[in-house]
Amino acid sequence: MDLPMQLLPKPAICDALQSKAELDSDKQKAVNRGGNACSGTSGRPERPVLWPGFFPRYAGPSVQVTLVAFVSFLCPGMWNALNGLGGGGLVDAKPANNANVALYSTFAVVGFFAGIATNKLGIRATLSLGGFGYTLYSSSLLCYKHTKNSGFLIFAGLQLGLCAGLFWVAQGMVMLSYPTEESKGKYIAWSWMIYNMGAVIGSVIALVQNMHSDDNNIGDVTFYIIISLSLLGTIMSLFLCEAKGVTRSDGSLVSLPQTPTWKSEISGLLETLKQDTYILMFFPMFFASNFFYPYQFNTFNLSTFNIRTRSLNNILYWVAEIGGSYLAGYALDSTRVRRSLRARIAAGTLLILVFVVWTGAYVWQRNEPQKSENGVVKKDFTDSDYPGPMLLYLSFGFLAAVWQTCLYWFLGALTNDNRKLANFAGFYKGVQSAGGAVSFRINTLAVSSVNELVACWILLAASLIIAASTIIRKIHDKVE
(Lines of atoms letter the chains of each structure in order from A and count residues from 1; the text may use other names and numbers.)
(Lines give C-alpha, C1' and ligand atoms only; values in the text may rest on other atoms or scores of the structure.)
Protein backbone atom coordinates (compact mmCIF):
# COMPACT_ATOMS: atom_id res chain seq x y z
CA MET A 1 0.00 0.00 0.00
CA ASP A 2 1.31 3.45 -0.90
CA LEU A 3 2.32 5.73 1.94
CA PRO A 4 0.33 8.97 2.26
CA MET A 5 2.18 11.86 0.65
CA GLN A 6 2.40 13.62 4.02
CA LEU A 7 4.47 10.75 5.48
CA LEU A 8 7.05 10.59 2.75
CA PRO A 9 10.48 12.16 3.47
CA LYS A 10 11.16 15.44 1.67
CA PRO A 11 13.42 14.02 -1.09
CA ALA A 12 10.80 11.35 -1.75
CA ILE A 13 8.16 14.03 -2.14
CA CYS A 14 10.28 15.65 -4.86
CA ASP A 15 10.79 12.32 -6.65
CA ALA A 16 7.13 11.39 -6.35
CA LEU A 17 6.00 14.70 -7.72
CA GLN A 18 8.45 14.51 -10.60
CA SER A 19 7.19 11.06 -11.64
CA LYS A 20 3.57 12.04 -11.21
CA ALA A 21 4.13 15.05 -13.47
CA GLU A 22 4.06 12.47 -16.29
CA LEU A 23 0.48 11.34 -15.60
CA ASP A 24 -1.80 10.37 -18.45
CA SER A 25 -4.09 12.95 -19.97
CA ASP A 26 -7.09 12.07 -17.78
CA LYS A 27 -5.24 12.65 -14.53
CA GLN A 28 -3.62 15.74 -15.96
CA LYS A 29 -7.07 17.16 -16.60
CA ALA A 30 -7.95 16.49 -12.99
CA VAL A 31 -4.86 18.36 -11.90
CA ASN A 32 -5.80 21.33 -14.05
CA ARG A 33 -9.23 21.37 -12.41
CA GLY A 34 -7.55 21.68 -9.02
CA GLY A 35 -6.65 18.09 -8.18
CA ASN A 36 -3.53 16.90 -6.40
CA ALA A 37 -1.02 15.24 -8.72
CA CYS A 38 0.32 12.99 -5.96
CA SER A 39 -2.76 11.85 -4.14
CA GLY A 40 -5.27 11.86 -6.95
CA THR A 41 -7.68 13.90 -4.85
CA SER A 42 -9.55 16.87 -6.14
CA GLY A 43 -10.11 20.31 -4.73
CA ARG A 44 -7.64 22.08 -2.49
CA PRO A 45 -4.12 20.60 -2.17
CA GLU A 46 -3.57 18.32 0.83
CA ARG A 47 -1.63 19.51 3.84
CA PRO A 48 0.39 17.62 6.49
CA VAL A 49 -1.83 15.47 8.69
CA LEU A 50 -0.34 16.58 12.02
CA TRP A 51 -1.49 20.19 11.60
CA PRO A 52 -4.29 20.08 9.02
CA GLY A 53 -4.92 23.37 7.24
CA PHE A 54 -1.82 25.01 8.70
CA PHE A 55 1.30 23.98 6.79
CA PRO A 56 1.42 24.25 2.98
CA ARG A 57 2.69 21.39 0.82
CA TYR A 58 6.47 21.01 0.77
CA ALA A 59 6.47 20.92 -3.05
CA GLY A 60 4.17 23.93 -3.32
CA PRO A 61 5.36 27.34 -4.54
CA SER A 62 5.08 28.99 -1.11
CA VAL A 63 7.48 26.53 0.55
CA GLN A 64 9.90 26.36 -2.37
CA VAL A 65 10.09 30.14 -2.84
CA THR A 66 10.55 30.54 0.93
CA LEU A 67 13.38 27.99 0.97
CA VAL A 68 15.10 29.78 -1.91
CA ALA A 69 14.65 33.06 -0.01
CA PHE A 70 16.36 31.57 3.06
CA VAL A 71 19.22 30.30 0.90
CA SER A 72 19.51 33.90 -0.32
CA PHE A 73 19.37 35.01 3.33
CA LEU A 74 22.39 32.85 4.18
CA CYS A 75 24.54 33.26 1.06
CA PRO A 76 24.23 36.64 -0.73
CA GLY A 77 22.54 38.08 2.37
CA MET A 78 25.69 37.54 4.44
CA TRP A 79 27.80 38.83 1.55
CA ASN A 80 25.68 42.00 1.58
CA ALA A 81 26.39 42.39 5.29
CA LEU A 82 30.13 42.47 4.56
CA ASN A 83 29.86 44.61 1.44
CA GLY A 84 27.53 47.09 3.10
CA LEU A 85 30.15 47.86 5.75
CA GLY A 86 32.29 49.32 2.98
CA GLY A 87 35.45 47.69 1.69
CA GLY A 88 34.15 44.21 2.52
CA GLY A 89 34.70 44.94 6.21
CA LEU A 90 38.33 45.97 5.67
CA VAL A 91 40.01 49.30 6.42
CA ASP A 92 40.74 50.13 2.77
CA ALA A 93 38.08 49.80 0.08
CA LYS A 94 40.54 49.31 -2.80
CA PRO A 95 41.22 45.53 -2.40
CA ALA A 96 37.51 44.70 -2.15
CA ASN A 97 36.77 47.11 -5.02
CA ASN A 98 39.24 45.29 -7.27
CA ALA A 99 37.67 41.95 -6.33
CA ASN A 100 34.21 43.39 -7.01
CA VAL A 101 35.30 44.63 -10.44
CA ALA A 102 36.43 41.06 -11.23
CA LEU A 103 33.20 39.70 -9.74
CA TYR A 104 30.82 41.94 -11.66
CA SER A 105 32.78 41.73 -14.91
CA THR A 106 32.47 37.93 -14.83
CA PHE A 107 28.87 38.13 -13.67
CA ALA A 108 28.03 40.43 -16.58
CA VAL A 109 29.01 37.72 -19.07
CA VAL A 110 27.70 34.73 -17.14
CA GLY A 111 24.39 36.42 -16.37
CA PHE A 112 23.36 36.43 -20.01
CA PHE A 113 23.79 32.66 -20.29
CA ALA A 114 23.05 31.52 -16.74
CA GLY A 115 19.46 30.78 -17.71
CA ILE A 116 20.84 28.08 -20.01
CA ALA A 117 22.78 26.50 -17.13
CA THR A 118 19.74 26.64 -14.86
CA ASN A 119 17.59 24.86 -17.42
CA LYS A 120 20.27 22.22 -17.99
CA LEU A 121 21.44 21.65 -14.39
CA GLY A 122 18.18 22.23 -12.54
CA ILE A 123 17.29 24.60 -9.71
CA ARG A 124 18.85 22.52 -6.91
CA ALA A 125 22.33 22.07 -8.41
CA THR A 126 22.48 25.62 -9.75
CA LEU A 127 21.67 27.25 -6.41
CA SER A 128 24.03 24.95 -4.51
CA LEU A 129 26.92 25.74 -6.82
CA GLY A 130 26.08 29.43 -6.72
CA GLY A 131 25.83 29.51 -2.94
CA PHE A 132 29.27 27.98 -2.44
CA GLY A 133 30.82 30.92 -4.30
CA TYR A 134 29.72 33.29 -1.53
CA THR A 135 31.35 31.10 1.12
CA LEU A 136 34.66 31.13 -0.70
CA TYR A 137 34.54 34.89 -1.29
CA SER A 138 33.92 35.67 2.39
CA SER A 139 36.82 33.37 3.26
CA SER A 140 39.10 35.28 0.88
CA LEU A 141 38.36 38.55 2.70
CA LEU A 142 39.44 36.98 6.00
CA CYS A 143 42.54 35.61 4.29
CA TYR A 144 43.40 39.06 2.88
CA LYS A 145 43.02 40.66 6.29
CA HIS A 146 45.89 38.52 7.62
CA THR A 147 48.05 37.78 4.56
CA LYS A 148 47.34 40.66 2.11
CA ASN A 149 46.98 37.98 -0.59
CA SER A 150 45.31 40.11 -3.26
CA GLY A 151 45.63 37.36 -5.89
CA PHE A 152 43.39 35.00 -3.94
CA LEU A 153 40.91 37.81 -3.26
CA ILE A 154 40.62 38.65 -6.97
CA PHE A 155 40.32 34.96 -7.86
CA ALA A 156 37.51 34.66 -5.31
CA GLY A 157 35.84 37.62 -7.00
CA LEU A 158 36.11 35.92 -10.39
CA GLN A 159 34.65 32.63 -9.18
CA LEU A 160 31.87 34.45 -7.34
CA GLY A 161 31.02 36.23 -10.59
CA LEU A 162 30.49 32.81 -12.14
CA CYS A 163 28.63 31.36 -9.15
CA ALA A 164 26.51 34.43 -8.44
CA GLY A 165 25.46 34.57 -12.08
CA LEU A 166 24.09 31.06 -11.76
CA PHE A 167 22.56 31.73 -8.35
CA TRP A 168 20.62 34.87 -9.17
CA VAL A 169 19.20 33.68 -12.46
CA ALA A 170 17.94 30.49 -10.78
CA GLN A 171 16.54 32.55 -7.91
CA GLY A 172 14.82 34.92 -10.32
CA MET A 173 13.35 32.02 -12.27
CA VAL A 174 11.84 30.53 -9.10
CA MET A 175 10.51 33.86 -7.88
CA LEU A 176 8.88 34.79 -11.20
CA SER A 177 7.76 31.38 -12.49
CA TYR A 178 6.39 29.58 -9.43
CA PRO A 179 3.64 31.98 -8.21
CA THR A 180 0.27 32.38 -9.86
CA GLU A 181 -0.19 35.56 -11.86
CA GLU A 182 -2.12 37.43 -9.18
CA SER A 183 0.41 36.73 -6.40
CA LYS A 184 3.76 37.55 -8.03
CA GLY A 185 4.16 40.87 -6.24
CA LYS A 186 3.70 39.27 -2.82
CA TYR A 187 6.16 36.48 -3.61
CA ILE A 188 8.73 39.01 -4.81
CA ALA A 189 8.19 41.07 -1.66
CA TRP A 190 8.59 38.13 0.73
CA SER A 191 11.61 36.81 -1.16
CA TRP A 192 13.31 40.18 -0.98
CA MET A 193 12.40 40.70 2.67
CA ILE A 194 13.78 37.34 3.80
CA TYR A 195 16.91 37.81 1.67
CA ASN A 196 17.57 41.24 3.18
CA MET A 197 17.08 39.86 6.68
CA GLY A 198 20.33 38.01 6.06
CA ALA A 199 22.15 41.31 5.68
CA VAL A 200 20.40 42.64 8.80
CA ILE A 201 21.45 39.64 10.91
CA GLY A 202 24.99 39.79 9.50
CA SER A 203 25.16 43.50 10.34
CA VAL A 204 23.88 42.88 13.87
CA ILE A 205 26.65 40.32 14.33
CA ALA A 206 29.19 42.90 13.12
CA LEU A 207 27.78 45.57 15.45
CA VAL A 208 27.83 43.33 18.53
CA GLN A 209 31.35 42.09 17.80
CA ASN A 210 32.73 45.59 17.11
CA MET A 211 30.76 47.78 19.51
CA HIS A 212 33.87 48.59 21.57
CA SER A 213 36.50 48.09 18.88
CA ASP A 214 39.03 50.81 18.07
CA ASP A 215 39.93 49.20 14.74
CA ASN A 216 38.28 50.29 11.52
CA ASN A 217 37.73 46.74 10.23
CA ILE A 218 35.66 43.87 11.57
CA GLY A 219 37.00 41.12 13.83
CA ASP A 220 37.82 37.54 12.89
CA VAL A 221 34.87 36.10 14.83
CA THR A 222 32.48 38.07 12.62
CA PHE A 223 34.09 36.54 9.53
CA TYR A 224 33.89 33.04 11.03
CA ILE A 225 30.17 33.36 11.75
CA ILE A 226 29.35 34.78 8.31
CA ILE A 227 31.38 32.09 6.52
CA SER A 228 29.63 29.34 8.52
CA LEU A 229 26.18 30.72 7.76
CA SER A 230 27.00 30.96 4.04
CA LEU A 231 28.06 27.31 4.03
CA LEU A 232 24.78 26.38 5.75
CA GLY A 233 22.87 28.09 2.93
CA THR A 234 24.77 26.06 0.34
CA ILE A 235 23.74 22.84 2.11
CA MET A 236 20.12 23.98 2.49
CA SER A 237 19.76 24.42 -1.28
CA LEU A 238 20.21 20.66 -1.72
CA PHE A 239 16.78 20.10 -0.13
CA LEU A 240 14.87 21.99 -2.81
CA CYS A 241 12.52 20.31 -5.27
CA GLU A 242 13.11 20.64 -8.99
CA ALA A 243 10.68 22.86 -10.88
CA LYS A 244 8.91 19.98 -12.62
CA GLY A 245 7.93 18.58 -9.21
CA VAL A 246 6.16 21.75 -8.05
CA THR A 247 2.41 22.34 -8.34
CA ARG A 248 0.74 25.68 -7.71
CA SER A 249 -2.19 26.23 -5.33
CA ASP A 250 -4.63 26.16 -8.27
CA GLY A 251 -3.36 22.72 -9.30
CA SER A 252 -1.38 23.86 -12.34
CA LEU A 253 2.09 22.42 -12.83
CA VAL A 254 5.33 24.38 -12.87
CA SER A 255 7.63 23.09 -15.57
CA LEU A 256 10.78 24.39 -17.16
CA PRO A 257 11.09 24.15 -20.95
CA GLN A 258 12.92 21.14 -22.37
CA THR A 259 16.50 21.94 -23.40
CA PRO A 260 17.92 19.16 -25.57
CA THR A 261 21.14 21.00 -26.46
CA TRP A 262 23.15 24.07 -25.47
CA LYS A 263 22.86 25.22 -29.06
CA SER A 264 19.06 25.27 -28.87
CA GLU A 265 19.20 27.26 -25.65
CA ILE A 266 21.56 29.86 -27.11
CA SER A 267 19.29 30.09 -30.15
CA GLY A 268 16.35 30.62 -27.80
CA LEU A 269 18.23 33.39 -26.00
CA LEU A 270 18.97 35.18 -29.26
CA GLU A 271 15.42 34.60 -30.45
CA THR A 272 14.10 36.30 -27.31
CA LEU A 273 16.20 39.37 -28.08
CA LYS A 274 15.03 39.32 -31.68
CA GLN A 275 11.32 38.84 -31.01
CA ASP A 276 11.02 40.83 -27.78
CA THR A 277 13.17 43.83 -28.60
CA TYR A 278 11.25 45.89 -26.05
CA ILE A 279 13.35 44.24 -23.31
CA LEU A 280 16.28 46.36 -24.50
CA MET A 281 14.48 49.43 -23.15
CA PHE A 282 14.89 47.97 -19.65
CA PHE A 283 18.64 47.48 -20.02
CA PRO A 284 19.49 50.97 -18.64
CA MET A 285 17.34 50.23 -15.57
CA PHE A 286 19.16 46.91 -15.18
CA PHE A 287 22.50 48.74 -15.47
CA ALA A 288 21.48 51.30 -12.83
CA SER A 289 20.06 48.83 -10.30
CA ASN A 290 23.40 48.18 -8.53
CA PHE A 291 25.36 51.16 -9.82
CA PHE A 292 24.83 53.20 -6.65
CA TYR A 293 26.19 50.59 -4.19
CA PRO A 294 29.87 51.70 -4.28
CA TYR A 295 28.87 55.30 -3.60
CA GLN A 296 26.57 54.32 -0.74
CA PHE A 297 28.77 51.65 0.87
CA ASN A 298 32.24 53.10 0.31
CA THR A 299 32.00 56.84 -0.37
CA PHE A 300 29.15 57.46 2.06
CA ASN A 301 29.44 54.79 4.77
CA LEU A 302 33.11 53.72 4.85
CA SER A 303 34.60 57.18 4.35
CA THR A 304 32.36 58.93 6.87
CA PHE A 305 31.76 56.64 9.86
CA ASN A 306 33.71 54.43 12.28
CA ILE A 307 33.23 50.66 12.28
CA ARG A 308 30.46 50.43 14.88
CA THR A 309 28.47 53.22 13.22
CA ARG A 310 28.98 51.60 9.82
CA SER A 311 27.56 48.41 11.30
CA LEU A 312 24.55 50.28 12.69
CA ASN A 313 24.03 52.05 9.36
CA ASN A 314 24.17 48.70 7.63
CA ILE A 315 21.40 47.34 9.87
CA LEU A 316 19.22 50.36 9.15
CA TYR A 317 19.91 50.17 5.41
CA TRP A 318 18.77 46.56 5.08
CA VAL A 319 15.80 47.06 7.41
CA ALA A 320 14.73 49.88 5.10
CA GLU A 321 15.11 47.51 2.15
CA ILE A 322 12.80 45.04 3.88
CA GLY A 323 10.20 47.76 4.42
CA GLY A 324 10.52 48.95 0.83
CA SER A 325 10.10 45.43 -0.53
CA TYR A 326 7.02 44.81 1.58
CA LEU A 327 5.25 48.03 0.66
CA ALA A 328 6.12 47.84 -3.04
CA GLY A 329 5.24 44.16 -3.41
CA TYR A 330 1.83 44.41 -1.80
CA ALA A 331 0.99 47.67 -3.56
CA LEU A 332 1.85 46.14 -6.92
CA ASP A 333 -0.54 43.23 -6.28
CA SER A 334 -3.43 45.45 -5.20
CA THR A 335 -6.69 44.45 -6.88
CA ARG A 336 -8.22 47.88 -6.38
CA VAL A 337 -6.32 49.25 -9.37
CA ARG A 338 -5.97 47.56 -12.74
CA ARG A 339 -2.54 46.17 -13.63
CA SER A 340 -1.66 48.64 -16.39
CA LEU A 341 -2.40 51.60 -14.13
CA ARG A 342 -0.41 50.04 -11.28
CA ALA A 343 2.60 49.82 -13.59
CA ARG A 344 2.35 53.51 -14.49
CA ILE A 345 1.90 54.56 -10.86
CA ALA A 346 4.95 52.46 -9.91
CA ALA A 347 7.10 54.12 -12.57
CA GLY A 348 5.96 57.59 -11.53
CA THR A 349 6.55 56.85 -7.84
CA LEU A 350 10.05 55.59 -8.60
CA LEU A 351 10.90 58.79 -10.47
CA ILE A 352 9.69 60.94 -7.58
CA LEU A 353 11.67 58.89 -5.05
CA VAL A 354 14.83 59.14 -7.16
CA PHE A 355 14.69 62.93 -7.21
CA VAL A 356 13.73 63.32 -3.54
CA VAL A 357 16.39 60.94 -2.18
CA TRP A 358 19.26 61.97 -4.44
CA THR A 359 18.54 65.69 -4.07
CA GLY A 360 18.90 65.19 -0.33
CA ALA A 361 22.13 63.27 -0.90
CA TYR A 362 23.52 66.07 -3.07
CA VAL A 363 22.75 68.71 -0.45
CA TRP A 364 24.48 66.61 2.24
CA GLN A 365 27.49 65.63 0.12
CA ARG A 366 28.40 69.20 -0.84
CA ASN A 367 29.20 69.98 2.79
CA GLU A 368 31.18 66.81 3.49
CA PRO A 369 34.93 66.14 3.01
CA GLN A 370 35.99 64.35 -0.17
CA LYS A 371 36.57 60.62 0.16
CA SER A 372 40.26 61.08 -0.76
CA GLU A 373 40.94 63.44 2.15
CA ASN A 374 43.03 61.89 4.92
CA GLY A 375 42.95 62.64 8.62
CA VAL A 376 39.20 63.20 8.70
CA VAL A 377 37.71 62.12 12.03
CA LYS A 378 35.14 59.39 11.53
CA LYS A 379 31.62 60.16 12.71
CA ASP A 380 29.97 58.14 15.48
CA PHE A 381 26.28 57.51 16.14
CA THR A 382 26.62 59.46 19.40
CA ASP A 383 27.46 62.67 17.49
CA SER A 384 24.78 65.36 17.41
CA ASP A 385 24.81 65.58 13.60
CA TYR A 386 24.26 61.84 13.08
CA PRO A 387 20.44 61.79 12.56
CA GLY A 388 20.65 63.57 9.18
CA PRO A 389 22.95 61.11 7.38
CA MET A 390 21.22 58.22 9.19
CA LEU A 391 17.86 59.17 7.64
CA LEU A 392 19.53 59.62 4.27
CA TYR A 393 21.07 56.15 4.47
CA LEU A 394 17.67 54.71 5.38
CA SER A 395 16.26 56.40 2.27
CA PHE A 396 18.99 54.84 0.12
CA GLY A 397 17.99 51.37 1.30
CA PHE A 398 14.27 52.01 0.85
CA LEU A 399 14.69 53.27 -2.71
CA ALA A 400 17.01 50.39 -3.65
CA ALA A 401 14.39 47.84 -2.55
CA VAL A 402 11.49 49.59 -4.27
CA TRP A 403 13.55 49.83 -7.48
CA GLN A 404 14.43 46.13 -7.49
CA THR A 405 10.93 44.98 -6.52
CA CYS A 406 9.25 47.10 -9.18
CA LEU A 407 11.73 45.98 -11.82
CA TYR A 408 11.13 42.29 -11.07
CA TRP A 409 7.39 42.92 -11.11
CA PHE A 410 7.62 44.71 -14.48
CA LEU A 411 9.39 41.67 -15.94
CA GLY A 412 6.86 39.25 -14.46
CA ALA A 413 4.00 41.37 -15.82
CA LEU A 414 5.36 41.15 -19.37
CA THR A 415 5.00 37.39 -19.84
CA ASN A 416 4.13 34.05 -18.24
CA ASP A 417 6.47 32.11 -20.54
CA ASN A 418 9.01 30.40 -18.23
CA ARG A 419 11.72 30.17 -20.89
CA LYS A 420 11.34 33.85 -21.65
CA LEU A 421 11.36 34.74 -17.94
CA ALA A 422 14.60 32.79 -17.48
CA ASN A 423 16.16 34.76 -20.32
CA PHE A 424 14.83 38.04 -18.93
CA ALA A 425 16.35 37.18 -15.53
CA GLY A 426 19.66 36.44 -17.25
CA PHE A 427 19.59 39.76 -19.09
CA TYR A 428 18.73 41.55 -15.86
CA LYS A 429 21.57 40.12 -13.81
CA GLY A 430 24.07 40.33 -16.66
CA VAL A 431 23.48 44.02 -17.41
CA GLN A 432 23.13 44.81 -13.71
CA SER A 433 26.56 43.31 -13.10
CA ALA A 434 28.09 45.30 -15.94
CA GLY A 435 26.87 48.40 -14.14
CA GLY A 436 28.37 47.13 -10.89
CA ALA A 437 31.75 46.50 -12.52
CA VAL A 438 31.84 50.02 -13.97
CA SER A 439 30.74 51.69 -10.73
CA PHE A 440 33.23 49.83 -8.51
CA ARG A 441 36.00 50.78 -10.94
CA ILE A 442 34.90 54.43 -10.82
CA ASN A 443 34.89 54.24 -7.03
CA THR A 444 38.53 53.11 -7.08
CA LEU A 445 39.61 56.07 -9.23
CA ALA A 446 40.12 59.66 -8.10
CA VAL A 447 36.57 60.74 -8.92
CA SER A 448 35.10 63.34 -6.59
CA SER A 449 32.30 62.30 -4.28
CA VAL A 450 29.91 64.84 -5.79
CA ASN A 451 30.59 63.69 -9.35
CA GLU A 452 30.09 60.06 -8.33
CA LEU A 453 26.79 60.98 -6.71
CA VAL A 454 25.59 62.95 -9.75
CA ALA A 455 26.44 60.03 -12.05
CA CYS A 456 24.23 57.72 -9.95
CA TRP A 457 21.42 60.28 -9.88
CA ILE A 458 21.38 60.93 -13.62
CA LEU A 459 21.62 57.24 -14.51
CA LEU A 460 18.68 56.28 -12.29
CA ALA A 461 16.43 59.05 -13.60
CA ALA A 462 17.38 58.64 -17.27
CA SER A 463 17.01 54.85 -17.24
CA LEU A 464 13.52 55.09 -15.78
CA ILE A 465 12.45 57.62 -18.41
CA ILE A 466 13.79 55.34 -21.18
CA ALA A 467 11.82 52.35 -19.84
CA ALA A 468 8.63 54.33 -19.24
CA SER A 469 7.30 53.99 -22.80
CA THR A 470 7.67 50.20 -22.70
CA ILE A 471 6.02 50.02 -19.28
CA ILE A 472 3.06 51.99 -20.63
CA ARG A 473 2.74 50.09 -23.93
CA LYS A 474 3.59 46.52 -22.97
CA ILE A 475 2.15 45.94 -19.50
CA HIS A 476 -1.53 45.12 -19.87
CA ASP A 477 -4.28 44.21 -17.45
CA LYS A 478 -3.85 40.54 -18.34
CA VAL A 479 -0.51 38.85 -19.01
CA GLU A 480 -0.53 37.31 -22.48
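Including glycine, each Cβ sits where the backbone N, Cα and C put it.
Automatic prediction, not curation, is the source of TrEMBL annotations.
Values in this document were obtained by computation on a predicted structure and should not be read as measured data.
As recorded in TrEMBL:
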type	residues	note
TRANSMEM	58-79	transmembrane segment
TRANSMEM	99-117	transmembrane segment
TRANSMEM	129-147	transmembrane segment
TRANSMEM	153-176	transmembrane segment
TRANSMEM	188-209	transmembrane segment
TRANSMEM	221-241	transmembrane segment
TRANSMEM	277-295	transmembrane segment
TRANSMEM	345-364	transmembrane segment
TRANSMEM	390-411	transmembrane segment
TRANSMEM	453-472	transmembrane segment
What same-chain residues lie close to the transmembrane segment (453-472): Cβ under 8 Å, and 6 or more beyond its ends? 278, 281-282, 284-285, 287-288, 291-292, 295, 299, 340, 343-344, 346-347, 350-351, 354-355, 358, 361-362, 365, 403, 410, 435, 439, 442
Going through 58-79, 129-147, 221-241, 390-411 one by one, which has the most CB pairs that fall under 8 Å from the transmembrane segment (153-176)? 129-147
Can you work out whether the transmembrane segment (188-209) touches the transmembrane segment (58-79), with the criterion being 3+ CB pairs under 8 Å where the paired residues are 6 or more apart along the chain? yes
Looking at the stretches 58-79, 221-241, 277-295, 390-411, which one shares the most CB pairs under 8 Å with the transmembrane segment (129-147)? 221-241
